[in-house]
Every structure is written in C-alpha cells, then in structure tokens.
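Trainee: Handing you a structure now.
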Amino acid sequence: MRAPGCVALLVWLLNDAAARQFTEEEMAGIRQRIKSMFYHAYNSYLDNAFPYDELRPLTCDGQDTWGSFSLTLIDALDTLLVLGNHTEFKRVASLLQDTVDFDIDVNASVFETNIRVVGGLLSAHLLAGRAGMELEPGWPCSGPLLRMAEDAARKLLPAFQTPTGMPYGTVNLLHGVSPTETPVTCTAGVGTFILEFATLSRLTGDTIFENVARRALRALWKTRSDIGLVGNHIDIVSKKWVAQDAGIGAGVDSYFEYLVKGAIMLQDEELLNMFLEYDRAIQNYTRFDDWYLWVQMHKGTVSMPVFQSLEAFWPGLQSLLGNLDSAVRTFQNYYSVWRQFGGLPEFYSIPQGYTVDKREGYPLRPELIESAMYLFRATGDHIYLQLGLDALESIEKIAKTPCGYASVKDLRDHQLDNRMESFFLAETIKYLYLLFDPTHFLHGGGTEGDGSWEEGGEGGQCVLGAGGFIFNTEAHPLDPAALYCCSRHAQDRQDLRDILLSLSQPTQKSDHHSAPPTKETEGPPPGQSESIALKPGEKKTPPLLSCPVQPFSARLSILGQVFSDNT
C-alpha cells in the first residue's frame, strides 16, 4: 500500500514545483471561459430539453430522471445569480412559480429531491434580494420561492413516518410511500436533511422539518458499530445493516458532510460531537497513506481498497475543520488520479493504480473542484487553480458536444454517455467559477454584485448576505444569518405573547407555575432559548451555542470555528 501514496506524492511535488502563479487578468479570462461553458450547456437545455429534468446532449432532447419538475432549471437557478445574470435569474424564478407543480403522481427520490429541489429553491429564495427581485415584507421569512421549497419538502414528510424515524428512499409526491417500497436505503439517504429542513423550520417557524431531520440523525447515530463506524445501506425499519462496508464515499458521503456543515450553520454542538467521534474511527480504521479505503464496519478489516470519485469532497470538508495538513495530502492523491485520466473515474483501484472494471466513467462530478475551492480559500496556493484549469480544459476537450456537455462513459477512451446531470450546472460550473473568483460575494467579497450587506426581516433589522454561506451537498448556498433573523423575530413575538399573557392573568399560586404550557405556547422555535418571561427566582441561562447577529466571516467559516455565545 506504500507505493501508490509515494508515487502520488512525487507527482504532486513535481507539479507543485512547476506550478505557476495566476495573475488577476488570467483569472478573469478563465472566469469568462467558465461562463461560456455554462451558457453553452444552459442554453442547450432550454432549447432542447426544457421542461424535462435533464438534457440528453448526444441526441439534443430531454428526459425526466429524478421526478418531473424541470430539475436542471431549478438546480441551475442560483448559478445564474453567482455568474451575475440577475435578469435571467428573475425570469426563471417567475417561470418556475408558474410552471412547476409538486402535486404529481411521480415516484421521487427523497434524497435527491431534497438536495436539488428543496435546496435549490431555498438558495434562490435567499439570494432573491441580491438579484433585485421584488420582495415580500418580512423577507427572508416569507416569499414565493420559500413557499415552493416548503411545498416540495412537505411531499417528502411521509417518508419519515417510520418506527425509527429514518426515511424511506422513495416517495410518491401525490400518494406518499408505496406499501411495496423497500425499507433499505443508503446512509446518506437518512442523514442528509438537516441543512435544508432546519433552514425551512427556522425561516417558516414550522418545527416539523427540523424535528424529523434530527430524529433521523439520532436514530442513525445509535446504529453505529462497536468500533464507531456505519455501513452504507440500512433497513430503516429493523435498523439492521444490509451493506456493512464503511467508508467516506458513495452511499455515506453527505451524511458526514451534513454533520459538519450543520454544526457550523446551526451552531450545534451535538452534530459536531457526532462527526468528531466518527472521524476518530475513520482515521483509525479506513485511512492508509492519506487514502481512505472501505472496511468492514464491525471488524475494521479492508473490504474494498478503492478510491471513489465521490470521496473527493473530503479534503474540502477537512479544511472546514481546520485539518489542512491532512486535507492537502489527501488532495494530492486525488489530484494525481485526475492527472492520470483527465477526470476522476467512479472507482479507482489504489493497489493497481488503475480504474475498476465497469466503473471507468466520469459524469462530470464536482467534488475535486469543490475541495480545490475550499483549499485555495484556506491556503492561497495556486496549485488549486491549476487543478481548476486542468478540469476546465479536460471537460472542454473530452465532454463538449454541439448540444451541451456529456457524461464520460469511459475515461480510458473518452466514450460519451447521453446524459448531462443537473449537478453539472448546479455544482461543477459553480465551484469552478468560485475557485477563480476569490472575492465573490459568496466568499464575503464583492465582484459579482456590490458585495454589500442586505437588510432583512421585519423592519429591516437583520444583516444578511455578508459572507460565510454554507453550501449544501448540491452546492446551493444557504445564509446562516437568515435563519437567525427569522428565528429571532419568531422568538420575539413568542416572548411578547408570553409577557402579555402573564400580565392579563391574575397572579397564580406557585404550584401552578409547573403546569405544562398550552399548545399555542409549547416552546420556542428550534434552536432558540427559553422565554424571557422567567419564573420568580429563575435566572436565564444562555444556550451552549448560538448564532451571532452578523453572519460568519469567510476566514472563520473556512477554519470551521464554532461560535459560542457573545462572540
């Protein structure tokens, strides 16, 4: 197992020594090339595939894949804003409101609908102010795109009505879960909801979404093995592991991602502690020479000595926690595979140093570019820009067709597949663009748009859009300050009701203070502390973690700092 790691390190060192520094003019030129790439694919989708979910770039037509709701258009909406196209963003936002209906007899993936549709609509809603859209009073706590996101998420709630709280993998958007639906789903399909669902709950005041996401996370947490690992497929009714391979790739990846990002966005110590305990087991049992292998979840013995392209998100996630040394070394290994093939094969045999049979494809995934973006922000090393340029030129050379960009069926001979997944426009292009625009407003700068903070909430008392955005696993940026803004106003209203209620009622005997609250005042919105109307003799204790009035700075967000109260 030593040789591949040493070879990768040697390749990296040689490349790093020769890595050139990119000037501002060169980076601006590359951004224009990325924009051209986006519009070639985007316009091809509009011309040939809309209203279908995806473009088929070899036959210049469309197909429905994950549902039937113009998925590529929803997924690409916030990318338009990232690229600075406010006019098209507003046009498409209005178009989606008029054309998309979730009351349809379609079986949809709960996981994919959440990260692509709910996440895409939430992000577009939170960016609507920057795009110059007409906003409802009280935005971001209300708005048509938010209502669309809530409508889509409600269609997913029946999947969570299980004895364990862990959701089924598929739900019919009109009829709910089929009686014949399999109870077996992947780990990521259980643990990848807290970002979108908590955002919905904090913005709308309806706690159901965050509650079901947390219940699923806690149920999954209890199923880990004695050595602290989870497999990649579980029976959500019996809680038995059907596939016991433990790793950081397919079927598991975004579960770990959401524990970290959920901890940062929600200031949640429980989620962070969950991840840190998992990370100790991952480092102990799956890490070999800065590669991460697959092991048997109960024994820790190697079951698959492969690298999967989906694992390439890991260096970026490590950078969020401040583990830069480990992140850089792992990225070195993954980048060496990219340079070998001009893309990342779905599976790569680490001992053999080559692709795995029937897993030679590259569907234009974003994960390595995503990690490059995070690591460039954290280190300023231009080797990550070189990866971005390599990716741009590889995709242009290998995957471009007259009608868009096609998935690569086989990286060995560059055969193409007749599919352009929606994540190409939602993630790959977006991360590539943001890699070459370090002063973008999503990083806390201001090249696209003026970078100014926005007012939000009732009376415009909240500070929004100042940086520190958290990207969901489909690269849809969410603003933590918006969650705090809406939750705070909901809490203020609740506190005022409590005070008025206490003033309007006669003084009660002390034993009445222990009576349970009424349904109307059952509790504050999720993540908020108790009412300011305290009982006699009580002192208000601050929560362990709270979100600051002003959102995270880009630097602290990158290093994964968790803000405590009054910081």
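Each Cβ is built from the backbone N, Cα and C atoms, and glycine gets one as well.
Under the heading active site, proton donor, TrEMBL lists E112, E346. Taken from TrEMBL, the feature active site covers D253, E367. Under the heading Ca(2+) binding site, TrEMBL lists T473. Sequence annotations record features per position, and here TrEMBL assigns compositional bias 'Basic and acidic residues' to 509-522. Per TrEMBL, the feature region 'Disordered' maps to 506-546. Annotation comment: TrEMBL describes 1-19 as signal peptide.
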Trainee: For E367 (active site), write down the residues of its own chain that are at least 6 apart in sequence and whose Cβ falls under 8 Å from its Cβ; none is a fine answer.
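Mentor: When sequence neighbours closer than 6 are ignored, E367 (active site) has S309, L310, E311, A312, F313, G316, L344 within Cβ distance under 8 Å.
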Trainee: State the Cα to Cα distance, in Å, between E112 (active site, proton donor) and D253 (active site), rounded to an integer.
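Mentor: E112 (active site, proton donor) to D253 (active site), Cα-Cα distance: 14 Å.
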Trainee: Using all protein chains shown, find which of the recorded positions E346, T473 scores highest when you count other CB atoms within 10 A of its CB.
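Mentor: Selected residue: T473.
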Trainee: When you measure from the Cβ of E112 (active site, proton donor), how many other Cβ atoms are you left with inside 10 Å?
Mentor: 20
